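*Asks:* Take this structure, written in structure tokens, and hold onto it; I'll ask about it next.
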Amino acid sequence: MKKEYFGTDGIRGRVGDYPITPDFMLKLGWAAGCVFAREMPGRRVLIGKDTRISGYMFESALEAGFSAAGVDTQLLGPMPTPAVAYLTRTLRAQAGVVISASHNPYYDNGIKFFGPDGMKLPDELELLIEDYLGRPMTTVECSHIGKATRIVDAAGRYIEFCKSTIPLGMHFSGMKIVVDCAHGSTYHVAPDVFSELRATVSTLGVAPDGLNINDRVGATDPENLRQTVLEENADLGIALDGDGDRLIMVDHRGEVVDGDELLFVIANARHAEGELKGSVVGTLMSNLGLEQAIRRLGLEFRRAAVGDRYVMEMMLEHGSMLGGEGSGHIICRDRTTTGDGIVSALQVLAEIVRSGKTLHELKQGMRKYPQRLVNVRLAERVSLASVPLVQKVKAEVEAELGDSGRVLLRPSGTEPLIRVMVEGADEGQVRELADRLAGAVARAFSA
């Protein structure tokens, strides 16, 4: 059965446009509360959010909906998505809720759920929640209405967890780093993690005002970080996104190090330590150079559909401990249950300490193929199936690339976009072919 509201990463859209409205969030809290009360033991849910101004409005609406269903809520305040996943598990909550649109601008927002194991909900439960959304809303008997409390030490708990993911006794003394928190939910967490591990920390994007999340800062726009690393002669820079589940880094030369390269650095380190066997999971968008580098380690490289939930599903299916996306979602399954930007950065820094090499040196084991990604924005979500013009141009591009490249056309799971990706050995050819194909997509849907 096809889901009406849930996409690849929960429910997301523009604030004020249905379903990202207070009345829908009230009903969603009630529907989810009914499902959780029926399907899972206990009646307690955690709610965290990023720093968008609309988060406060939706937090109140969800809280009221859960209360009407007889479910208690514990409010975490601004908290990274991976922190909510971790706290849901360790505090033995029935479920965790994150109010966030991740890397999107402030005027978008969304909701995603975690189960008691800290994993994203399976499709069956999302479908059941949608079923309840279609039912009349009722309120439990008054004495059973849920209560709301606030957890005041949530950030401290998560900071200690992050530090525990590297060897006890390891520290970053003498390392100068710049941390960009994207004016998002890591602003009060990430700087403390790295400074408590004795790094010298400069910060960017740590003054959220409700409107500036992801605005020319963070993992989706590392240019300011790149310049700051160079100006301050820092060893590296760390860029997180608005909800803290993505990581992009900058080396001491000011070169951006993306999720594919970081995944290789961690895989290479784990393999050298004898901790990594079997396969590493990427996505259809992962750079061909990553696949080749992983295979040179004697490991299998598997490609999942785009989206960290699909990466995790494939990791679980094949027993993989490491996976990720070029966008910066990296999952270290022996440490986390979802993408975690801070934890991933700590694994990279730990390898810098162990190896005595710079980030620039560590990434050299992978040769990135030139890759161009063009986002073609449309008025609404569409299907690419049976569009003759697009299929014709796609076939022409594939023929020109031959065996030395890849082409991928993919609708975004969260926005009305078609993502056009072309990858090959020659950068000029890749750019020309990607622009040609993106132009064909735009023309096909402009009428």
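Each Cβ is built from the backbone N, Cα and C atoms, and glycine gets one as well.
A quick note: this is a predicted structure, and the numbers were derived from the prediction, not measured.
Under the heading active site, phosphoserine intermediate, Swiss-Prot lists SER102. The Mg(2+) binding site annotation in Swiss-Prot covers SER102, ASP241, ASP243, ASP245 and rests on sequence analysis. Here Swiss-Prot flags SER102 as phosphoserine, drawing on sequence analysis.
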*Asks:* If you measure ASP243 (Mg(2+) binding site) to SER102 (active site, phosphoserine intermediate) at Cα, how many Å is it?
*Replies:* 5
*Asks:* Taking 10 A as the limit, how many CB atoms besides its own sit near the CB of ASP243 (Mg(2+) binding site)?
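*Replies:* Excluding its own Cβ, the number within 10 Å is 35.
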*Asks:* In whole Å, how far is ASP245 (Mg(2+) binding site) from SER102 (active site, phosphoserine intermediate) when you measure between their Cα atoms?
*Replies:* 8
*Asks:* Count the other Cβ atoms sitting within 10 Å of the Cβ of ASP245 (Mg(2+) binding site), across every protein chain shown.
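*Replies:* The answer is 34 other Cβ atoms.
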*Asks:* Enter the number of other CB atoms within 10 angstroms of the CB of SER102 (active site, phosphoserine intermediate).
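*Replies:* Taking all protein chains shown, SER102 (active site, phosphoserine intermediate) has 29 Cβ neighbours within 10 Å.
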*Asks:* Quick check: with SER102, ASP241, ASP243, ASP245 left out, which same-chain residues have Cβ atoms within 8 Å of the centroid of the Mg(2+) site Cβ atoms?
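*Replies:* For the Mg(2+) site, the extra neighbours are ASP50, PRO80, THR81, SER100, HIS103, GLY184, ALA219, LEU240, GLY242, GLY244, ARG246, GLY339, GLY341.
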